[in-house]
């Protein structure tokens, strides 16, 4: 019996580019026709999902700027309560992550994603009425419930529009929405917090109200303009700004079937059987992905929540601290794109993830060792570097995971599990920076260094698991899986 060629399968992503050209001609369209159809997706689906993720992040992280505007003092809560509230928000997201993704499959992105944005925008704006500890904790939990599933839903929706070779850059662009919100949130706050006292409202009340109303406005944009799927591209309540004709639909569907025959169903009205959910959850070969993500992403919640406050404690006023906090978050976008480019260019998916994680680890070590001995601006530079490299691994890790899933249902559940791992990490990470650890947060940085180191170990383990499995397939030791399919060859 002929042995499977592992090397050829691993390089399939790169080879698809060339095979796609000849296949396009055979299918009856030119490369220009395919590029034209893909551009319509690039200028409709991608920017709308990006916009949704931007407001998603604005609504959950504007608490960082609200703290610099006296939010905790005004409602009478401590730093421990703020941490507990954020933990409850992340817990709410984790609890409903997979059910939310199942609902997306059933209802389709046009209804579910737009409805989600409307829900969490409403809750976010109502935070302006918080006046005590109980109200804060309840509002954060409900915000988490409403936000659950948006990230895996958006990523999965992209995977139903794009071929595998196109996905890494698009996922990176999608995450620009999250990391871009992290950058602009402090900048928006520098202006909005100046409304303190207008119409008898605190600055933080204006912050929650205006950013929540902006999110609600975005939800209506999605309702009217977000396409559904390649087989049903018309938005829910309008013809759409960018129209897909019959030729576009045919090209988009057939090129996805050529890339992955399981994608032909799109994301409209597809049900995932519970048996597949269980099979995906218990697929042990992918668990190092989730453990690594948990460890690494746990470091980000303390950075997003407290960087403006840390800078304020170093001597800057509220406005300057928020403006300076935006620099590191802005630079993170550059590193996200750099690592996505390296991942696509080399097809070394695991290697790129590990490279990005090691860069972050080195920055954390330098920050912890140098921070107590330098001046104000040097400390700002250290925190800026830490924030800039804190998430470079994240989008490429998601793409790496997706490339190692077979069916749309498996991909959808795996993405949900990956996001659950990340959010669980964020939930734990809210406790890394404690008030007693001010101003250098040496203990918090030590914990982050340990967690990143553990995450790197599991990323290396994941590469090893994939390579060992592929070697066994090449040697004929895995003839078929439990469903009778050809043994899977992974992308290490």
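Including glycine, each Cβ sits where the backbone N, Cα and C put it.
Annotation comment: TrEMBL describes 1-11 as compositional bias 'Basic and acidic residues'.
As annotated by TrEMBL, compositional bias 'Polar residues' applies to 12-23.
Per-residue confidence over the domain 'Major facilitator superfamily (MFS) profile' (45-492) averages out at a pLDDT of 89. Annotated domain 'Major facilitator superfamily (MFS) profile' per TrEMBL: 45-492, in sequence order.
Sequence annotations record features per position, and here TrEMBL assigns region 'Disordered' to 1-23.
According to TrEMBL, the transmembrane segment annotation covers 112-130 (among others). Same-chain residues lying 6 or more positions outside the transmembrane segment (112-130) and placing a CB less than 8 Å from one of its CB atoms are 49, 52, 55-56, 59-60, 62, 75, 100, 103-104, 136, 139, 142-143, 146-147, 149-150, 153-154, 157, 201, 205-206, 208-209, 211-216, 218-220, 222-223, 226, 236.
The feature transmembrane segment is assigned by TrEMBL to 136-159 (among others). Long-range contacts of the transmembrane segment (136-159) within the same chain, counting only residues at least 6 positions beyond its ends with a Cβ under 8 Å from a Cβ of the stretch, are 45-46, 49, 52-53, 56, 59-60, 75, 77, 81-82, 84-86, 88-97, 99-101, 103-104, 109, 112-113, 116-117, 119-120, 123-124, 126-127, 130, 167, 170-171, 174, 178, 229, 263, 267, 398, 402, 408, 411-412, 415-416, 418-419.
According to TrEMBL, the feature transmembrane segment maps to 171-192 (among others). Sequence-distant neighbours of the transmembrane segment (171-192) (same chain, 6+ residues past either end, Cβ-Cβ under 8 Å): 46, 49-58, 61-62, 64-66, 68-69, 151, 154-155, 158, 203, 206-207, 210-211, 304, 308, 319, 321-323, 325-326, 329-330, 332-333, 336-337, 339-340, 391, 394-396, 398-399, 402.
According to TrEMBL, the transmembrane segment annotation covers 204-226 (among others).
According to TrEMBL, the feature transmembrane segment maps to 287-307 (among others).
Distant neighbours of the transmembrane segment (319-342): 64-65, 68, 168-169, 171-172, 175-176, 179-180, 182-187, 189-190, 193-194, 307-309, 311-312, 348, 352, 355-356, 359, 380, 383-396, 399; these residues of the same chain sit at least 6 beyond its ends, with a Cβ under 8 Å from one of its Cβ atoms. As annotated by TrEMBL, transmembrane segment applies to 319-342 (among others).
Under the heading transmembrane segment, TrEMBL lists 354-374 (among others).
Among the features that TrEMBL reports, transmembrane segment is placed at 380-401 (among others). Cβ atoms under 8 Å from those of the transmembrane segment (380-401) belong to residues 155, 167-168, 171-172, 174-175, 179, 286, 289, 292-293, 296-297, 299-300, 303, 307, 310-311, 314, 324-325, 327-329, 331-332, 334-336, 338-340, 343, 349-350, 352-353, 356-357, 359-360, 363-364, 366-367, 370-371, 374, 414-415, 418, 422, 459, 491 of the same chain, restricted to positions at least 6 beyond its ends.
If you look up TrEMBL, you'll see 413-433 (among others) marked as transmembrane segment.
What TrEMBL records for 445-466 (among others) is transmembrane segment.
Of the candidate ranges 204-226, 354-374, 413-433, 413-433 contributes the most Cβ pairs within a distance under 8 Å of the transmembrane segment (287-307).
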